[in-house]
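Step one of this worksheet: look at the structure below.
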Amino acid sequence: MANALRRFTEYAPANPDLMVALMLLLAVSMMVMPIPVMAVDALIGFNMGLAVLLLMAALYVSTPLDFSSLPGVILLSTVFRLALTVATTRLILAEGEAGSIIHTFGSFVISGNIVVGFVIFLVVTMVQFMVLAKGAERVAEVAARFTLDALPGKQMAIDAELRNGHIDADESRRRRAALEKESKLYGAMDGAMKFVKGDSIAGLVVICINMLGGISIGLLSKGMSFAQVLHHYTLLTIGDALISQIPALLLSITAATMVTRVTGASKLNLGEDIANQLTASTRALRLAACVLVAMGFVPGFPLPVFFMLAAVFAAASFVKGDVLDADKVDATTVTPAESQTPNVAAQPNPIGVFLAPSLTNAIDQVELRQHIARISQLVSADLGIIVPPIPVDVDQQLPESQFRIDVEGVPVEQDLINPAQLSLADDLKKIESSGIPFRHDPETHRIWVEQSHEPALKAAGIRHHSPSELLAMRVHATLTCHAPRLVGIQETRQLLGRMEQEYSDLVKEVLRTTPIPRIADVLRRLLGEGIPIRNTRLVLEALAEWSEREQNVALLTEHVRSGMKRQICHRYGRHGVLPAFVMERETEDVVRCAVRETAAGPYLALEDRQSEALLSQMRQVFSSTAPGQTRPIVLTSMDVRRFVRGFLTRNGIELAVLSYQDLASDFKIQPVGSIRLPPSNGTSGEPRSIRPSATTG
């Protein structure tokens, strides 16, 4: 016997699959074959031990996924317990005996009173059925539903983190497997709780069958008196019911513990999790101790008991307080070397405003920051980019009354601002008629008035700008000019992350063919020409269509512009009309022939006289537009458009250059002139500046 037991203990751990199969076969056998009384005692003990083991395992797992086999274990345990109930019922009815465990348990619980035993059984069964099983069933049902509903969002989040480089492919597969396992676990637990609930109902039915069957057999077959039959079979029936319901109760607690777990990042077991959260607030512990002390003074309550409990709560609060204080000291303690080490890795602000010390008191700092914040919101809404916070600091090195605007730590603008003057926004005639003294600056075309005349300006209804508003306007110009510098790989990732919430398939398709640095390059090129990227969907759709066919980023940007033609025309036109200077075909050929291909990329190399002629004409276009009028665009072919635009930008001329592919069908072109250059080998005649169009009248 000892050798057989030793061989079994060596064989079982190595073959758990066979042990499960053996357990199921044993359960089926118990339903159809008579079992010796000694074997029934052993199986009852095994059933109790298995229930206790499952409960302990559920208490000590860190996450429900660590015990994902629980639904299957519930099924096996329920089948085994029901088969054991069938076996004990057969023994009770056939032999009037069910083993020493059932007899002893029944005698102990009944304590000589049948009613007591029956009531205890009903209480245990109702607690299991109405409270534990029903509550756990509802939790499992809701958890399964919510887990399945959240599954697509979690999968998209994993895809986004993988694309953004936050996790690798192995981690992505691991997380996907965990998600799949979690969804299957909660779905299976939803069904497994039906086993637990049905088990408690079966216990009520079985006790009735055993009582009625036992009394009938005792009276009719064994010739026992009614009192003997009632005592004997009631003792065995209640003992059998309780010995079956207690493991079922433990299994209900196990299942309820698993489905009600809320796993945190620390991944503690249930006891540690509860202890940490209950003792997290020392104030709560001390208040509970005070309440217990007060309850001890209620007449009839045992004062020593409540005092002892209050002392335990108070001691726990003081111990926890000491631990928290020690943690705070450890967190705030740094070595002298650490405290004196400068933050050499600090990155400069993308955009910063610096004032001379004399301006800090002369300009309202709160008003200035409000104006800058409003300007940032306007630029963000106009261009579709995220404008970072713009700090306003003091630079002791700046001369008096000067300010400086830095972009990525490099000064891009530095000028003088007079805090005692206001800039007027109305026309000159209105100001002259008001009689308020002013000064006109012919270089900037601004009209200045001393700040002391501000009440008179308000009374006359003349619009004006304060020094803080003027400075905010300079910030606006800087933001618009340097918007491409605010869009990098990180900002592109954030933009795609926001788009993925609504257009997940589109983002996935774009990232399949286009790396993020390339997308960022396209966005910067668009912003560099003042094209907003608010409608990111159009940009991504054009990238998805053209990225595989066009590897050149500059040409890819041209195709993206074609996809945004309506937005481009709306930006430069008015009332569906685009005034345009058209570049003649011969001039386009001159530009086309002047493009030089190098390893660093193509560039435009016009002859000096051609450059001068083109600049002369463009400056006439630029200066011919009166204030308030729509500035004409320059219209040319797609292949030379970016070279013409780059040539103008390098020479300080901000004119929109559009290709024919940028024109939307619902906008009309109003030619106002043509642009013509002499051929590269031409020597005769002076170049004509601008040839007016015959349609302009």
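Backbone N, Cα and C atoms are what each Cβ position is placed from, and that goes for glycine too.
So that you can see what the record holds, here are the features copied from Swiss-Prot:
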| type | residues | note |
| --- | --- | --- |
| TRANSMEM | 20-40 | transmembrane segment |
| TRANSMEM | 42-62 | transmembrane segment |
| TRANSMEM | 67-87 | transmembrane segment |
| TRANSMEM | 107-127 | transmembrane segment |
| TRANSMEM | 200-220 | transmembrane segment |
| TRANSMEM | 235-255 | transmembrane segment |
| TRANSMEM | 293-313 | transmembrane segment |
| TRANSMEM | 372-392 | transmembrane segment |
| REGION | 675-697 | region 'Disordered' |
| COMPBIAS | 680-697 | compositional bias 'Polar residues' |
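Recorded stretches compared: 20-40, 67-87, 107-127, 293-313; the one with the most Cβ pairs under 8 Å to the transmembrane segment (235-255) is 107-127.
When Cβ-Cβ distances below 8 Å are used as the criterion, the transmembrane segment (200-220) is approached by residues 82, 85, 89, 92-93, 96, 121, 125, 128-129, 133, 226, 228-230, 232-234, 236-238, 240-241, 244-245, 248, 252 of the same chain, each at least six residues removed from its ends. Tertiary proximity for the transmembrane segment (107-127) is limited to same-chain residues at least six positions away from its ends with a CB under 8 Å from its CB atoms, namely 200, 203-204, 207, 230-231, 234-235, 238-239, 241-242, 245-246, 249.
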